[in-house]
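Here the structure comes first, spelled out in structure tokens, and everything after it is commentary.
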Amino acid sequence: MDEFFLMNSFDLAGKTVYLRVDINAPVNPLTGEIMGIDRFRAHIDTIRNLRNSKVVIVAHQSRPGKDDFISLRQHAQILSHLLNKRVQFVDQLFGSQVNRAVSEMSDGDIVMLENSRFYSEEVDLTTIESMESSNIVRSLSPLFDYFIIDAFAAIHRAQTTLVGFHRIKPNIAGTLIEREVSMIERFRKIREKPKIAILGGAKIEDSIAVSENFLSRGFVDKILTGGVVANAFLWASGFDIGKKNREFIMKNNGDYEKLLDKCRAILSKYGDKLVMPTDFVMNPSGQRISINEKIPDDQILADIGLDTIVEYSEIIDGARAIFMNGPMGMYEIEDYSSGTREVFTAVAHSKAFKLAGGGHTLSALDKLGLTKMIDHASTGGGALISYLSGETMPVLEALKESKKLFEG
């Protein structure tokens with residue numbers, strides 16, 4: 001972690017600090033209420049460590065055009081409840097109201113600004129130079145002594161409030177980013193074998209990218225698949241997965257033929273290292289079926305079957321390091337939760353180093369009471385996948401450059 005400024009690199013007491021977090025959360029489409037607060041909890045240590053500073057919080061919620069693209073007023077209330085402390089909400093990201101609120105702050109005060117993605121400069125600008133010339137950066141820069149970036153779940157985004165200040169004043173990695181990077185690097189450096197990945201859920205494109213990257217670099221020895229991800233690989237390998245399962249993949253993936261071609265390429269190169277289910281539980285019938293049998297057109301492959309659970313559990317038991325992202329099936333429905341429950345329980349009881357990521361994965365672990373048995377449950381979804389896949393992380397690069405510019 002020598003590459004970044006950390007929060008103990010400076011005396012922040014009495015200083016005015018900008019704190020960029022990621023508290024992007026699911027929203028109930030009927031009531032407009034925030035439904036999950038895991039990401040809020042993840043930032044509490046960082047905020048409490050700034051108890052003697054004036055803290056101004058910047059964050060985003062969703063993106064333009066989405067139903068959950070809402071104000072952060074509710075987010076401020078949730079943080080206030082978690083901290084047992086007033087969090088003042090200002091319905092601007094920059095401007096006279098923000099200037100006034102910051103000028104009136106005392107040490108220990110917390111202010112939260114409006115959704116950064118309400119402003120086109122947050123999402124439209126693509127170069128650091130254009131960001132530095134933006135109203136966001138020119139208006140906010142003079143207000144702060146230090147900029148703390150703690151939005152791990154957004155480290156793969158090059159957006160103005162994340163990277164636009166790093167050449168202007170010192171940018172510091174927050175407590176959450178420090179912990180996330182430390183634990184993920186620990187996982188990456190494990191050399192003991194076998195090292196496995198468990199990829200499930202419905203995000204086929206992400207899982208294909210991870211599979212290709214992990215296997216081509218020899219990063220893992222085996223990948224166990226479940227959910228829609230497994231269905232895609234099975235379809236690509238020539239199995240008839242049934243009409244409803246084909247339609248789901250076709251409907252939810254634009255150029256699905258291209259995805260299937262990528263699956264075929266991975267299977268051609270690394271077929272012996274990619275493990276697919278051999279049996280399933282169907283919805284709505286609830287019956288078990290082998291992948292070699294004819295799958296009725298009206299049935300969904302809703303969970304992995306007993307034979308697959310046994311096979312996967314044996315592989316997990318012998319592993320030295322495990323990365324898990326995505327459930328094995330429709331775990332939210334009790335009748336189709338066995339695969340996820342048994343596989344995740346096997347991981348939790350494994351002696352391996354265990355890294356988990358993705359919203360549905362963390363939700364399932366929490367529901368099963370297994371979170372504390374996982375070495376690291378990451379707040380990153382797409383960010384974690386991108387990081388583990390070896391992609392450049394704009395936020396981490398900006399933090400590194402900021403240290404080079406301002407140290408000594």
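Each residue, glycine too, has its Cβ placed from N, Cα and C.
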Listed in Swiss-Prot for the substrate site shared with Asp22, Ile23, Asn24, His60, Gln61, Ser62, Arg63, Arg117, Arg157, one of Arg39, Arg48, Arg73, Arg167: Arg39
Swiss-Prot ATP site partner of Gly358, Gly359, His360, Thr361, selected from Glu332, Glu391, Glu397: Glu332
For Ser62 (substrate binding site), nearby residues of its own chain (Cβ under 8 Å, 6 or more apart in sequence): Asn24, Val27, Asp68, Phe69, Ile70, Arg117
Neighbour count (Cβ, 10 Å) for Arg117 (substrate binding site): 20
Pairwise C-alpha maximum, in angstrom, for the residues (Glu332, Gly358, Gly359, His360, Thr361) that bind ATP according to the record: 15
